[in-house]
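Enquirer: According to TrEMBL, the record shows the following:
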TRANSMEM  48-74  transmembrane segment
TRANSMEM  86-107  transmembrane segment
TRANSMEM  113-137  transmembrane segment
TRANSMEM  297-323  transmembrane segment
TRANSMEM  329-352  transmembrane segment
TRANSMEM  364-383  transmembrane segment
TRANSMEM  448-467  transmembrane segment
TRANSMEM  488-511  transmembrane segment
TRANSMEM  517-537  transmembrane segment
Amino acid sequence: MHFSPRALVGYFTSAKFLLYLGHALSTWGDRMWHFAVSVFLVELYGNSLLLTAVYGLVVAGSVLLLGAIIGDWVDKNSRLKVAQTSLVVQNASVILCGIILMIIFLFKTQLLTLYHGWLLTMCYILVITIANIANLASTATAITIQRDWIVVVAGEDRSKLADMNATIRRIDQLTNILAPMAVGQIMTFGSPMIGCGFISGWNLMSMCVEYLLLWKVYQKTPTLALKCSKVEESELKQLNVKKENDMKPAEGVQLIVEKDVTGFEPQQEKEVGCAARIAEPFITFRDGWVAYYNQPVFLAGMGLAFLYMTVLGFDCITTGYAYTQGLSGSVLSLLMGASAITGIMGTVAFTWLRRKCGLIRTGLISGIAQFSCLVLCAISVFMPGSPLDLTVSPFADISARLFENEPLPTIASPGGEPEVAFATGMPNLLNGSATPANTDPEMSPEPVPLISVSLLFAGVIAARVGLWSFDLTVTQLLQENVAESERGIINGVQNSMNYLLDLLHFIMVILAPNPEAFGLLVLISVSFVAMGHIMYFRFAQKSLGKQLFACCTPDSGAVSDSSLPGFYFRYRP
């Protein structure tokens with residue numbers, strides 16, 4: 001296809017491309033920070049995971065409790081104000097965190113001696129608190145840009161919305177791999193302090209560019225300045241129901257007429273007492289969850305949340321298990337690259353399937369594809385090389401040593417200094433050995449068969465195609481079916497649900513941390529994925545009714561997805 005220079009210039013200056021560019025800069029900074037802050041906290045606390053665990057718990061708990069409130073704030077304020085405020089707060093928090101971490105790295109010895117180390121402890125608390133604020137602001141940015149702005153920029157064109165969602169997710173996949181690699185190289189060949197300085201400088205520069213890009217997108221899309229209030233939307237919805245039969249199918253216009261949110265003035269402002277102000281966040285929290293439950297896409301959203309209750313991903317848990325099975329870091333990096341490629345394939349599959357079969361059926365096909373691949377993971381539990389042994393107590397070794405007041409065993413490092421071995425059989429990652437810690441180093445252990453771990457990662461990597469296609473399906477269902485005045489709060493609750501199930505999966509690992517129980521965690525994960533897709537199947541059954549398994553021809557004009565109640569778009573034949 002031939003592109004004229006004018007067409008290229010038009011594309012690179014369009015609101016769509018500027019939105020992509022801003023999201024790429026924002027995501028790159030986020031991924032660098034999330035990777036680096038965990039490494040910094042481990043480095044600061046003497047190679048202990050305590051601060052990292054506390055940080056993860058605080059982040060998950062904050063989004064779980066405040067997701068609805070953040071979403072409500074997004075709904076009640078103008079789009080530009082929300083986007084700019086969350087952008088500035090997010091980047092300013094990261095910059096401040098980077099400066100504090102640089103001070104700690106420079107003066108850690110002096111801080112440790114002041115006030116018996118309490119000043120250093122306060123610095124740790126301050127870093128975790130500010131980093132949590134940055135994450136909450138990042139959540140607000142994601143809700144307003146990826147769940148609201150993108151819908152307005154796409155207009156009434158569902159195909160354009162699907163393409164934009166897929167492109168946004170491809171950007172996420174690429175930055176998720178490349179950004180940690182980039183900052184990791186800087187920290188490896190430089191120092192943690194140089195890494196802090198680089199991230200702070202990047203966020204300062206990125207904040208200015210992103211701010212300008214947001215303003216340009218806002219100028220190029222006049223409808224972003226229009227926002228419908230809840231009362232107006234309810235009235236317009238009733239009016240649209242009455243006029244829907246009189247509207248010609250070829251008109252294909254958006255049913256909601258947006259008005260400037262600033263132009264809406266309540267008839268009478270009541271004085272709010274102190275008790276009412278205190279109770280307001282709790283009422284917002286309750287109303288948000290109630291509204292989420294009453295959404296027509298509730299089961300679809302719950303189905304997506306259940307996919308977070310899994311160890312079948314490339315996180316620290318699965319990576320640690322892979323080390324116990326003899327996989328090296330280089331092999332794991334290759335597997336992560338393959339996972340990113342299949343994830344991008346999933347975004348391509350989503351746009352193709354949605355065009356051919358409609359949005360709801362795309363979710364069904366994606367769910368079946370993902371679950372079919374994860375069956376390989378379930379089979380791997382019972383294959384040769386699997387350490388599954390439920391007779392081993394998860395805390396047997398640790399509790400025995402604690403009660404006997406004996407120190408954990410040590411093994412010699414290449415430099416001659418002793419290093420603590422993992423009581424659960426995890427490898428000594430500091431010296432790169434894949435030998436289990438409870439094995440005599442003078443004895444040559446029998447090699448672990450790789451059939452089990454190979455099937456496990458084959459299933460995980462292949463399932464990414466269905467996973468990301470399903471994720472995009474539910475994302476677009478939320479975009480299309482949630483009323484404009486509730487987009488923020490509903491997506492805030494959806495984020496809370498995702499974090500809740502993610503938190504439960506970490507609790508599950510804490511209760512069964514040894515490699516012998518990892519197979520059980522795999523089976524539980526596959527079961528939760530199955531339950532999530534069953535919920536989506538029930539949602540699809542309600543939405544499509546008898547036409548659930550009907551074939552859809554590409555030239556039929558509109559798919560029966562439009563029968564779903566609550567849609568605010570009409571198909572253009």
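Backbone N, Cα and C define each Cβ position, glycine as well.
What TrEMBL says about a protein is an automatic prediction, not a curated fact.
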Enquirer: When each of 86-107, 297-323, 488-511, 517-537 is checked against the transmembrane segment (113-137) for Cβ pairs under 8 Å, which one has the most?
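Expert: Counting Cβ pairs under 8 Å, the winner is 86-107.
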Enquirer: The transmembrane segment (329-352): which same-chain residues, six or more beyond its ends, come within Cβ distance under 8 Å?
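Expert: For the transmembrane segment (329-352), the list is 162-163, 165-167, 169-170, 173-174, 176-177, 314, 319, 322-323, 362, 366, 432, 457, 460-462, 464-469, 472-473.
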Enquirer: Counting only CB pairs under 8 A, let me know which of 297-323, 364-383, 488-511, 517-537 has the most with the transmembrane segment (448-467).
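Expert: Out of the listed stretches, 364-383 contacts the transmembrane segment (448-467) most.
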Enquirer: Of the stretches 297-323, 364-383, 488-511, which racks up the most C-beta pairs under 8 Å with the transmembrane segment (517-537)?
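Expert: Selected stretch: 297-323, with the most Cβ pairs under 8 Å.
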